[in-house]
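Feature annotations, courtesy of TrEMBL:
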- 40-118: domain 'Manganese/iron superoxide dismutase N-terminal' (DOMAIN)
- H63, H111, D196, H200: Mn(2+) binding site (BINDING)
- 127-228: domain 'Manganese/iron superoxide dismutase C-terminal' (DOMAIN)
Amino acid sequence: MTPPMRRRRAYATRARRASTGALVRAFSSSGAGGVLVPASLPDLPYDYSALEPAISADIMKLHHSKHHQTYVTNFNATMEKVLDAQAKGDTAAAIALQGAVKFNGGGHVNHSIFWQNLCPVKDFTPPEGALLSAINDEFGSLDAFQTKFAATAAGVQGSGWGWLGYDKATGRLAITTTANQDPCVTTGLVPLLGVDVWEHAYYLQYKNVRPDYLKAVWDVVNWKDVATKLEHAKA
Ligand SMILES: [Fe+2]
């Protein structure tokens, strides 16, 4: 295991221990039984530098170890408050926390999908099989899909996400966006591919030129993961 990977794993383990203790304490103090398992920062399946030159190691390290970790930490802290409110029978207080649950929980869910959707340049393979057929059926060609996706994601006002999703009702693919950290499922689509268009995802390398980032990201899309997600969505 490389030193950076070891450090990340140790960091994630400490975070898990810290947040687990907090949640178990909160849950026990409510007088209810059982244990709520907190969210934790997932390890990346590649090194921080593995997505270069498309996404720099500096961005990946900051994005994963700081930004994503903060969503996890804040989500667990918010859930602790929700449990406390529920234990006290304070429904209004629990409801008031739902915005923070959605934002921080969404940040955790979205980034977890994003990391899976990416792969080192050396492992890149283009889409094929059922996924490629679905893309061609819906958008005409892979190029046409990528052009439409990039234009749609570039048009997100402020911070948010671009998505390729699967509509279970129609059996079709669709491109959509969400604001802030709203998860893709809030649009009714199953997320297959999510691209983070918050400035923290590209500013260190691409400054304010979001379209350049959206052009480069195709070099590190893990189409095998997208295909697996489509397979599961159809099941
Ligand atoms: Fe992000």
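All positions are counted from 1 along the displayed chain.
The backbone N, Cα and C atoms fix where each Cβ goes, glycine too.
Just so it is clear, the model here is predicted, and its values are computed rather than measured.
On the structure: features taken from TrEMBL.
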{"residue": "H63", "record": "Mn(2+) binding site", "CB count, 10 Å": "23"}
{"residue": "H111", "record": "Mn(2+) binding site", "CB count, 10 Å": "25"}
{"residue": "D196", "record": "Mn(2+) binding site", "CB count, 10 Å": "26"}
{"residue": "H200", "record": "Mn(2+) binding site", "CB count, 10 Å": "13"}
Helix-strand-coil residue split for the domain 'Manganese/iron superoxide dismutase N-terminal' (40-118), DSSP-based:
60 helix, 1 strand, 18 coil
Shell of the Mn(2+) site beyond H63, H111, D196, H200, same chain only (C-beta within 8 angstroms of their C-beta centre):
H64, H67, H68, F114, W198, A201
Average model confidence [pLDDT] within the domain 'Manganese/iron superoxide dismutase C-terminal' (127-228):
98
Would you list the DSSP helix, strand and coil counts for the residues of the domain 'Manganese/iron superoxide dismutase C-terminal' (127-228)?
52 helix, 24 strand, 26 coil
